[in-house]
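**Q** What follows is a structure written as structure tokens; I'll ask about it next.
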Amino acid sequence: MTIATHIPLPQPLASLRRRAPGTVAGVDWALLSDSEARRLREFGLDEGVEVELLHAGRFGSGPVAARIGRMTVTFRRHIARAIHVQPV
Amino acid sequence: MTAIPLVALVGNPNAGKSALFNALTGARQKVGNYPGVTVERHSGRLALDDGRPIELVDLPGTYSLDPSSPDEEVTRDVVLGRQAGERRPDALVVVADATNLDNHLRFVLQLKGLGLPAVLALNMVDMAKRDGLAIDPAALARELGMPVVETVAVRRRGLDDLRAALTDALTTRSGVATTVDPDIRQFQREARRIAAAAIVAQPRGRAVTRSLDSVVLHPLAGPVILFTLLFVMFQAVFSWSEAPIGWIEGAQGWLAERAIATLPDGFLRSLLVEGVINGVGSVVVFLPQIIILFLFILVLEASGYMVRAAMLMDRLMAGLGLSGRAFIPLLSSFACAIPGIMATRSISDPRERLTTILVAPLMTCSARLPVYAVIIGAFIPARDLAPGIGLQGVVLFALYLAGILSAMLASVLIRRTVTRGVGGGFLMELPRYQWPSPRDVLIGLWQRAYVFLRRAGTIIMGVTVALWLLASYPVAPAGVKQSEYSVAGRIASGLEAVLRPIGFNHEMSLAVIPAMAAREVAVSALQTVYAIDAEDEEQGATELGGRLAGRWSLATALAFLAWFVFAPQCLSTIAVIRRETNGWRWPLFAVAYLFALAYLAAGATYWTAVAAGLG
């Protein structure tokens, strides 16, 4: 896959700057358990949906808070690493 | 079988479903249980516009018909007509949060596919307007093919329209079943399309919630706020309750005096004064503390803070093999383990759920307070360790801490042995903050108080009276102590052989038996036993603490406290564990490990205290 240099690369939600919205470029469902994947879909997580990292927890560990579409949710960090975001 | 139409309220969590239920049915609610599961069934009646009564049932909130916890299973089974003990609803009121429309619509579409007559209550439209979100209900109804009513449940707005739409839906019985598509992503895309067609203006976002969250979830300020709140909560439980406890004690004393003054001396008077009034009264005095604790829990839940607390606690709980979700049931267990254990039904992972159930009885429930309060009052001097820090308060805090620390330790051990395996993770919606509706909080408090008083009036009174009878008969001959000669006394003598090594005397052995029914009965049992041995009722009414201080050694009193930190002494809790885990295996496990801990802790405390010269 070739990517034009002026388009920023998708990066994991976990390493996104706080309050910098982006759209979901892809989700590494294999890193998630079935129940996690199902609940995330129920929260509306899908490619193209706008997401935003809101709170990153204590000292780089613990759960994060993020916005998915119009919903605010909290989940553990490994999930935030499985969601790849295209910054806008 | 009743012919009254059954209407179910269904919707996502945080859609304001229960507020709508309260607004529609008021306090005329019935709280029961679904058979086989401890998911509470909330139902109530209301009259439609044509005068027809309907039964409204409030189903647990869920995101889809694909359940991931026991309470969500109930919702699915009820709407599919598969729940034992429940008819299939004749119609649905689907509740959606207007501010979260695109997401909630997915579940609305899934429910619509069931083919039941349905009305959509578009709730929290005031919040949506405040956010700058404008929704065209007519366009939404057209796209959905379902009547749409705008409501603000907490302000009781839109209720007449909702009743009218429900009347129509039940009369025409419209609704077309479609095949339920298993792929929720298709529902989601359809939901987004409909939302896009119905949303006239887009919001900027939840400004208030976002700015509050930046403080509440702050890496440093967040935990400080959480622990301050918990500290204030426990302070309030003691300081706010002083006055109302005084009133209840006053009323109890007045009743006993009246009874002594009006009734002739004899069996009936003794039963009434020693058994009923003093026995039940010594338990009812704790109603104020229970109400204050639940007031905090209900307000924290309704405001949206509780999920934030769960998020802040998740890292610590993960270290114990649990998740932030276990925080809410464990916090509720400080009031009472029964609602706490029932609240574990929202934990999706079965291993984490079982572990939470097994350690919940270690949280110091309010029923232990009467025991702690009496013993501490009698044996721990009321002096200050430092200005504002009393020794009695420190001992009480240490007892709470002992419960928490042992729950943590037990959780780690249980997760590494009997419930070993990967956990279920942590994934929760953070609802918007809102002012709790005083009406909803009052209804919740009333339900808790009612359950407690019913318990005091039935189990606790029954046990107290039975104990009084067993402790009063057969009547001892002159020179022999009644509490040793009676039936209860002889049973206690047998138990005393086991409890003597850990410092328990005869009266304590007698008190721990009825305390199995409810821990707080230990206090009324000691009261009853010493009252029976006393010459007459006046002397019998002497303050229990003063009497204990003269008869027990400090080592014995401390051992008694240590026993109550661990002892699984409440049959209702054991019954709830049995119901929740579908069998006797886990309740018996809990009883065994908690009694073993209680015995060892009381013994270790007693032997240490005796060695320190306090015996």
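Heads up, the Cβ atoms here are built off N, Cα and C, so glycines get one too.
All annotation found in TrEMBL is predicted automatically rather than curated by experts.
Positions annotated as domain 'FeoB-type G' by TrEMBL: B:4-172. Sequence annotations record features per position, and here TrEMBL assigns transmembrane segment to B:220-238, B:276-300, B:354-382, B:394-414, B:456-476, B:552-576, B:588-609.
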**Q** For the transmembrane segment (B:588-609) against the transmembrane segment (B:354-382), do we get 3 or more Cβ-Cβ pairs below 8 Å once near-sequence pairs (under 6 apart) are dropped?
**A** yes
**Q** What else in the chain is close to the transmembrane segment (B:552-576), if you only count residues 6 or more beyond its ends and a Cβ gap under 8 Å?
**A** 38, 337-338, 341-342, 361-362, 364-365, 367-368, 371-372, 375-376, 378-379, 399, 402-403, 406, 455, 459, 502-505, 508, 512, 515-519, 522, 587, 590-591, 594-595, 597-599, 601-606, 609-610, 614-615
**Q** State the non-local partners of the transmembrane segment (B:456-476) in its own chain: residues 6+ outside its ends, Cβ under 8 Å from one of its Cβ atoms.
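**A** Residues packing against the transmembrane segment (B:456-476) from afar: 270-271, 274-276, 279-280, 283-284, 482-489, 491, 510, 513-514, 517-518, 520-521, 524-525, 528-529, 532, 571-572.
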**Q** Summarise the model confidence on the domain 'FeoB-type G' (B:4-172) as a single mean pLDDT, whole number.
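**A** PLDDT averaged over the stretch: 87.
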